[in-house]
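Only one structure is covered here, and it is reproduced in the block below.
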């Protein structure tokens, strides 16, 4: 399926495409692209029209990527995703470029250049550097009224949902066949289903079992407790010795 | 040891039933060392329980004895092992002893064959005759030695071979700590070399000196020694000695001493009341009358030492013989004294004194043969600490109290020797002794606390002079000291032979008088070089934290005319008559100050006065050199301010007031607690935000609601950084919080909004609520409040398993939340408490931050909180007596880090001793058992259950090593400055060095909002004064917490952290150093998760350097000025 059209840069079924930041750029990043094909078909990534792109530089946005690929054909939209490997993302992204037509995709695979990410003609200029941070700051200032409305809205919906849930939960009424569903509500709700509760219960059991035991009754018990004492002494001695050895290795005992 | 073998044979099988009394048996048999009767039966049955468990071997005799000893004689097993290890390090090999013995024999033989001479003193000069006799040759050779002293007549010098050669000193008592050997030899000069009255007027000393040179000359001609030098016994200028480097023994120094034969002089001639200098042989310029009538106590002491030496040596030898534990203790104490540098210079705590004290304790039965070295050392410390030698005298001889009192009149400390005629502590400096006392007290305290690294702190860490004191005065430039003070003749006569000591004492007294209660210790240190000439002269001062920075030096009451006049005379113009609140009138010196820095500077003002005006000495003082880098010079507030304290205090006051208002607000849930989190609250913030009014500036900002925001135009210059002061709010308890995270967070936002509205309506305070926090603008400062709802934390942690079981699991989110909202506030509170106990902590820690940041290690690699905690640990663990100035706190931090071994020791920050001893031991054991599972820098605090939350990910090994290396270099740099070997300023320590980086990114200064924090040494020319904050009706919240440089670094680290490290000085640095990681350049196989920032290279992928560097430009557009690729 892959289009291996003699491009020498191809690597592992990926086609390599250089991407510049702007026309004045002197160096470029290399995008690794191939046709997107997965068994599970997602609606947003239609098969046959979606190009899978790796190594998208951190400053690229969905719009700028769209304009970059529009050289090969009309792009319907692009999707940017963080590389999933690291938790916070590495800044570099992968993208799905969805073309209007399949020709666009095929063109892209054959192409040897893309539009730069940022051009003067952009309707929405790519915000980078100081401009970006300033914009971020400005948008972090909230209008109290809007914020209040947002909270109110959410809470209204939430309360309603809660109310509904409560109603549906309520009532230990018998169903059609005369069975009553026992819920956690009511006079005797039973113990909570929590891990901590389980742990506590187990600990309690253990304690109870221990209480039943006589500790200093049999001779072997006394003997064992003595042995344990010796073992503890030995252990502390060994630990101290280990520490000394490490210190010795670090030449800590040379006083001056 | 037969029993041991028995046990091992038995191990294979032990029967449960028949050997019920087994342990009892082993214990008994182990003690009596009898072979145990083994029965064959035991080997037959093996009980199942023993098979299951890993069997413990029964203890061996040795083990048992060991445990018992440890329990009875040492504080802990570890301590014991450490002592043993140190002692073995100090051991002198038998081979070297044998070598030295062999050498001694040949030395004695050489002495026996000495020729005899008898020459008058006047003939010692360079003869220049054609025919030289052997005597003439000898005389010309002796003339090469400088004549150190003078005498009153032309003496007849008789040289005959010595009677005996004796050993004395530590080596002779078998208590010399190796590995360097130092052997003291006492050569007894025959009686016939002296005349009866030779004790007068230096005659004896003269003969003694030439006797030594006589020996030196003859040793030179033989091939026994590699070198001979004239030196001085314990820096005593009247007692020259020879120092030999014996042939065939490495690292060995033999000191040759000479004393008269036992019956030459009567010891009573050297009692302190007696006068033995009747003529002005020392060039004191005193009249003969004065000289004749005064006691020559120090001259007598010098001679007394010689006369009593062999008696004292044999007595000490006899007492210390066979006392191997005591000998070991002497070695340890010797190490201790040397580590503290107490054995250096004139008037030091000498080896002789150490031996004296030990012998004294043995004689008085305070220590005995059966004590371990640990116990002896302990007894020594507790004796030194408790004995009040200023008022009580010690004596090894049975002398009447009258004699003791007689000595006491003349000497500060009296320790009479075996003969009862010589004071061993004659030259001991009382101030130094007090310092030794203080250190003993500290050492004892350490032993009692018994922490795991006590031993290191006491014996293994070298404590340089300048680290022991808050303040070091270097008077070396005024050496030799000139006598231009009005010292009474009687006093000068007392010191005859030691004019230097007289002057030192006078200077000490004067400085002490000026400081009064402000100092705890004022310890002089006079180092001597060749020919006993003073080369270095220092004073170390420990300040008294309660009194040191008082603005008043209170003099006597006005109606005490005599004292008042004297006080006025001393202080000159500075003294003034004052009436105090309680109605008393005193003469006093008032120092006008308005900042904390100025109060610290009072010490300097006093010193300037006393050293400059009173004593007229040239001095270099190491006290507050570093304060300068803490001062914000480019941006100054309108109120008086020095270092950060004033602004911090203002903010804390504002915060308290605002907190009160918050708590009083009527809301659905009341605010119950307000906790400060920022470093501002504990004074360790270098640049606390200065309270100010903020207005719209035409070019950059616009108004949005209550806030200033950036206007749409491209910002030309970023407004200065306004740091939000972080606080955490707690609400009263409620069970009505929603049970889903999202809803709870919305309710939280609602609370922020509610507080915001209430503040506006009831107090007219403006604020800005966001879903994450609430910014309140109050008194010109922006406070950032966050709500801590415990239920939120629970919800973040909550997970439901497939079976419907609810469990609470730690995740990255919950971890961060708990750390910042629950643990951090508690630590901040504890640090605040620490700061109020030790006011130098805050600025001292700020200084550490300034240093570390200027070394381009920023918050990302070494967070502020970690610096705070490490610095706090130094105060809490008392590794040194508490620091009273930021400078010494900083230097000790450097010292700590330079020697810090993070693999071995955790950093213990035990606030208020909340962690019990058992907790600490348990955690330390865990750490040792499984070191890799814990963070590299492991900080133990009472608040995070041993998780060391702040160092979980950072600092990493590379950074720690780098900081260690930096600390070491900085410390040696500072050492040179303080000890006078380097005269450059301290500023070099704070100038970033950009050498060695692959790429340097230069930033646009105007886009750096923290540009005002840059280090400036001269007076800043373009400084900005922040106008006083005034409440106005239309005040606006400034652009807060906006730092593009920080954002830039964050982006760079996020995108390229895998390939490079980024270094930047957070305090206004305008350059970023980039270091490629070595692995960045490796060409790797293609993999979808590795492609970032790489390019294809022959089937594989390689790092795309050029594109990345261009990315640096792109990402930092308008911020990056240029990039310098190297």
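Cβ atoms are placed via backbone N, Cα and C, with glycine included.
Record features, source TrEMBL:
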type: REGION; residues: B:1-61; note: region 'Disordered'
type: COMPBIAS; residues: B:1-13; note: compositional bias 'Acidic residues'
type: COMPBIAS; residues: B:39-56; note: compositional bias 'Basic residues'
type: DOMAIN; residues: B:185-320; note: domain 'Nrap protein'
type: DOMAIN; residues: B:326-461; note: domain 'Nrap protein'
type: DOMAIN; residues: B:466-615; note: domain 'Nrap protein'
type: DOMAIN; residues: B:636-835; note: domain 'Nrap protein'
type: DOMAIN; residues: B:838-992; note: domain 'Nrap protein'
type: DOMAIN; residues: B:995-1123; note: domain 'Nrap protein'
Cβ pairs under 8 Å between the domain 'Nrap protein' (B:838-992) and the domain 'Nrap protein' (B:185-320), at least three: no
Helix-strand-coil residue split for the domain 'Nrap protein' (B:326-461), DSSP-based: 78 helix, 5 strand, 53 coil
Whether the domain 'Nrap protein' (B:185-320) meets the domain 'Nrap protein' (B:636-835): three or more C-beta pairs under 8 angstroms: no
Which of B:326-461, B:466-615, B:995-1123 contacts the domain 'Nrap protein' (B:636-835) most, counting Cβ pairs under 8 Å: B:995-1123
The domain 'Nrap protein' (B:185-320), counted residue by residue under DSSP: helix, strand, coil: 59 helix, 29 strand, 48 coil
Helix-strand-coil residue split for the domain 'Nrap protein' (B:466-615), DSSP-based: 68 helix, 41 strand, 41 coil
DSSP-derived helix, strand and coil totals, residue by residue, for the domain 'Nrap protein' (B:995-1123): 37 helix, 34 strand, 58 coil
Averaged pLDDT score, the domain 'Nrap protein' (B:185-320): 83
